[in-house]
Amino acid sequence: MRTLLPFLKPYRISAAVALSLMLVELVVELCFPLLMAKLIDGAILRQDVGAALKWGGVMIGLALFGFAAGLVNSFYAADVAQGFAHDMRRALFGKLQSMAFSDFRAFSPSSLMTRLTGDINQIQNSVFLGLRVFVRAPLLIAGSMIMALTVDARLALYLVVVTPILVVVLGYTIRKGFRLFRLVQERLDKLNGLVRENLIGMRLIRAYVRGDHEKNRFAETNGDYMRRSTAALRLSEMTVPGLLLLMNASVLLILWFGSRSVTAYETEVGDVVAVLNYAIRITGAYAYLSMIITSLTIARAALSRSAEVLAAGSNEFGANGTAADGIPPDRADVLFEGVAFGYPDSEAAVLDGITFSVNDGETAVIMGATGAGKTSLLQLLPRLYEARRGTVRVGGTDIRDIELSVLRRQIGYVAQESTLFAGTIRDNLLWGREDASMEEVVEAAKLAQIHETIMQLPDAYEAVLEQKGANLSGGQRQRLSIARALLRKPKLLLLDDCTSALDARTESLLLAGLKTCGCTTLLVTQKAQAARWADTVLLLADGKLLAQGKHGELLARSETYRFIVESEREEAAHHA
Ligand code: M5T
Ligand code: MG
């Protein structure tokens with residue numbers, strides 16, 4: 001409820017209108033059995049046509065009035081539900097953008113997909129139902145009970161007696177249902193995750209002829225989802241008939257004792273009919289209530305999942321920027337001092353005791369076996385993750401003192417796996433810096449050695465890329481990502497193994513181009529060729545810095561480095 005209310009607040013007027021119209025409908029409904037009693041006792045039994053016409057007319061008029069109120073209530077309720085769901089989706093999406101990256105990583109993508117779409121739809125449905133009928137049902141039950149008591153207290157007693165039992169049963173259903181439906185939603189996350197993985201990995205699945213295996217995996221998850229849903233639904237399916245049984249028993253009692261007191265001239269027929277009528281309405285309300293409760297428990301589970309996303313801190317590590325200008329204009333040297341790091345979800349140290357420096361405008365190549373911690377090291381600079389110990393300085397300033405967005409704007413980061421978006425090549429490049437001119441775009445593309453490739457495409461810079469740039473080669477995607485980073489004119493350029501798919505000639509052209517851009521560059525690579533050209537080389541092994549120095553120095557000093565370079569040379573000779 002605490003999550004829900006702020007979102008409903010902007011719609012409180014519409015919601016109030018809907019609720020008051022609902023009350024109108026309710027009053028009309030409650031008056032009906034009374035009028036019926038009047039019609040029976042005052043007109044039909046006395047065979048008074050005038051009175052019959054009068055009461056009949058009142059009833060028809062009221063029915064039409066109630067209908068109109070219900071209709072308008074529907075409009076308002078739909079309005080509130082739609083607007084509210086729209087706002088809530090926006091808030092969740094906004095939170096995805098602002099929460100700390102490590103928090104974001106803690107949710108699985110498929111779960112977030114469900115939370116932003118299916119879950120919100122469930123809540124939206126319930127808000128609509130809530131304004132339409134959910135509040136009305138308990139009121140109708142209570143109102144009918146009171147009315148029945150005023151009509152004939154003795155007969156109505158049979159209705160009152162069963163109430164506590166019904167309330168307990170419904171309460172139990174709600175609590176148990178909540179737990180069951182949360183499990184259902186978790187299964188749905190899993191199902192969505194599997195579908196997503198398959199859609200992304202279809203190329204591999206075909207090439208490995210793993211379609212049947214994937215079908216089996218899907219069948220298992222799908223079956224699991226079905227079983228969980230059935231179990232959850234069974235609970236409410238069992239509640240409804242039980243409630244109806246109890247209610248019908250009290251209807252029978254009213255009929256039995258009602259007819260006896262009518263024959264004994266203690267009660268009028270109309271009163272018995274009225275009490276019966278209230279009893280039937282109450283029965284209907286209970287049946288309805290237990291059905292909406294299903295929808296409500298699903299929504300409650302969904303809401304708790306939305307709340308989890310909204311509860312994530314919205315300030316990445318707190319915006320504690322004292323160095324407003326970020327990296328000073330004339331120096332972007334990088335300094336790591338005794339840095340240790342590990343991922344939030346595990347104790348294991350990924351980096352330990354890392355100390356090195358890279359001078360302003362120079363290029364450092366980071367080498368090391370796979371899993372050595374190269375990517376992790378780069379991610380610390382734009383503060384995608386925080387170091388556990390030690391400090392990272394850029395231009396002499398501790399990066400924790402720089403406002404996050406300022407810091408990140410001065411960094412060009414090319415991830416190990418290139419990510420492009422649906423849209424034209426130009427859009428994708430401008431994504432790096434929106435206000436760049438076309439000349440700057442072309443300049444960046446030339447520097448990244450991708451300009452000529454782009455010009456060969458039918459639409460050149462206007463060529464349309466599919467989602468994730470699926471219609472480009474791996475090397476083309478890498479160079480586009482580099483161009484996008486260069487367009488930012490960053491002070492610090494971080495390249496994570498993004499020359500892996502380039503041939504030797506293109507790579508050396510690219511590296512030569514990078515020298516001219518004047519930014520401090522950290523380049524992760526597996527190739528000794530790049531190391532030869534770098535100002536300094538960092539050799540990582542198992543999260544520790546094994547050695548740092550120029551290519552020549554390391555060749556003389558480090559046996560591991562010699563081994564890497566020699567094995568590469570042997571390989572080249574082998575291919576020649
Ligand atoms: C270093 C672990 C990984 C490895 C170590 C990205 C990532 C890594 N790890 C996590 O636990 N969670 C993560 O999100 O950290 O990994 P790395 O820094 O990615 O290594 P690398 O870049 O040197 O390797 P490679 O293969 O890219 O050359 O133990 O399990
Ligand atoms: Mg890596």
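Using the three backbone atoms N, Cα and C, a Cβ is placed for every residue, glycine included.
What TrEMBL records for 12-35 (among others) is transmembrane segment. Here the transmembrane segment (12-35) has long-range neighbours at 55, 58-59, 62-63, 65-66, 69-70, 72-73, 76-77, 79-80, 83, 131-133, 135-136, 139-140, 143-144, 147, 151, 273-275, 277-278, 281, meaning same-chain residues at least 6 beyond its ends whose C-beta is under 8 angstroms from one of its own.
What TrEMBL records for 16-297 is domain 'ABC transmembrane type-1'.
Taken from TrEMBL, the feature transmembrane segment covers 55-78 (among others).
The transmembrane segment annotation in TrEMBL covers 129-149 (among others).
The transmembrane segment annotation in TrEMBL covers 155-174 (among others).
Annotation comment: TrEMBL describes 235-258 (among others) as transmembrane segment. Residues 154-155, 158-159, 161-162, 165-166, 169-170, 173, 176-177, 180, 267, 272, 275-276, 279-280, 282-283, 286-287, 290-291, 293-294 of the same chain sit 6 or more residues outside the transmembrane segment (235-258) yet have a Cβ under 8 Å from a Cβ within it.
Here TrEMBL flags 278-299 (among others) as transmembrane segment. Residues 29, 33, 122-123, 125-127, 129-130, 133-134, 136-138, 140-141, 144-145, 147-148, 151, 156, 159, 166, 170, 173-174, 177-178, 180-181, 184-185, 233, 236, 239-240, 243-244, 247-248, 250-251, 254 of the same chain sit 6 or more residues outside the transmembrane segment (278-299) yet have a Cβ under 8 Å from a Cβ within it.
Per TrEMBL, domain 'ABC transporter' is recorded for 334-567.
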- Against which stretches of its own chain does the transmembrane segment (155-174) lie, if we need a Cβ under 8 Å and a gap of at least six residues from its ends? 141, 144-145, 148-149, 235-236, 239, 242-243, 246-247, 249-250, 253-254, 257-258, 261, 267, 271-272, 275, 278-279, 282, 286, 289-290, 293, 296-297
